[in-house]
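Record features, source Swiss-Prot:
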- 28-48: transmembrane segment (TRANSMEM)
- 53-73: transmembrane segment (TRANSMEM)
- 105-125: transmembrane segment (TRANSMEM)
- 127-147: transmembrane segment (TRANSMEM)
- 156-176: transmembrane segment (TRANSMEM)
- 182-202: transmembrane segment (TRANSMEM)
- 227-244: transmembrane segment (TRANSMEM)
- 246-266: transmembrane segment (TRANSMEM)
- 283-303: transmembrane segment (TRANSMEM)
């Protein structure tokens, strides 16, 4: 009898939720990566509108917290919905939603609470910010997770819409009337995503095929995917010249970033290219690209106001 109590205690400890489990459920890395564009959108709105940074801190912090919650909630709901296919893919079989360490009911409750509280915070800033945040939730959960991910080869492109929402949320929190610069941030993030996610999909093409997810590399193959990646990278080339408000230095530096990615994309057409190695190089470059691009926006905008 005593041994049974001990065994139950051990199992309880083993199943206790850890911070690592929470990170996996809400996809913390993805959330953190999207906070940089959200902050950059808000910062550029502050600088271009002539508002004081200090007076904008309440809206800025509320926006960042609300955005964190709606993204975390959306990702948790994605984990809830994708349990069946995640259990098939080796890279995702250790997720708490798959192992059973966290019940499906708990994941669903967590996701709904996070999204509701996050939306409430965004609506306290202004109506526009709340609506844009809701569009992000709808796009990721409904248009991507439920509708396109399992049925359309264009799922990555459709998923790029909600993925490009963060800078708009940030900008609207400070200036509800979105400027052309705000929309360009949206366009750039939209264009950036296919090449980024196709690179990862090349490495996991067999997994996606096993799970029946029609990702481009799994359906059309490597040669077709690298053409698509080159196309999307090329679309980035003119974008800096639509952001003249940020100055010549920014346009030059952003163009250098774009050209570097273009050269890397072209290198994928070599006859002796190692597909997975090239894809991961593209993936890493895309991550650095996004971080450098938005940090550069903040720095350049700050310098202009000094």
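Placement of Cβ uses the backbone N, Cα and C atoms for every residue, glycine included.
Looking at which of 28-48, 127-147, 227-244, 246-266 has the most CB pairs under 8 Å to the transmembrane segment (182-202), the answer is the stretch 227-244. Counting only same-chain residues 6+ beyond the ends of the transmembrane segment (105-125), those with a CB under 8 A from a CB of the stretch are 25-26, 59, 62-63, 65-74, 76-77, 79-80, 97, 132-134, 137, 169, 173. When Cβ-Cβ distances below 8 Å are used as the criterion, the transmembrane segment (283-303) is approached by residues 33, 36-37, 39-40, 43-44, 47-48, 167, 185, 188-189, 192, 195-196, 199-200, 203, 246-247, 249-250, 253-254, 257, 260-261, 264 of the same chain, each at least six residues removed from its ends. Counting C-beta pairs under 8 angstroms (sequence separation of 6 or more), the transmembrane segment (156-176) fails to reach the transmembrane segment (246-266), with fewer than 3 such pairs.
Panel annotation: around the transmembrane segment (28-48), residues 22, 56, 59-60, 63-64, 67-68, 71-72, 75, 163, 166-175, 179, 181-182, 185, 189, 245-246, 287, 290-291, 294-295, 297-298, 301-302, 304-305 of the same chain, lying at least six beyond its termini, place a Cβ under 8 Å from a Cβ of the stretch. Within its own chain, the transmembrane segment (246-266) has Cβ neighbours under 8 Å at 44, 181, 195, 226, 229-230, 233-234, 236-237, 239-240, 281-282, 285-286, 289, 292-293, 296-297, 300-301, 304, counting only residues six or more beyond its boundaries.
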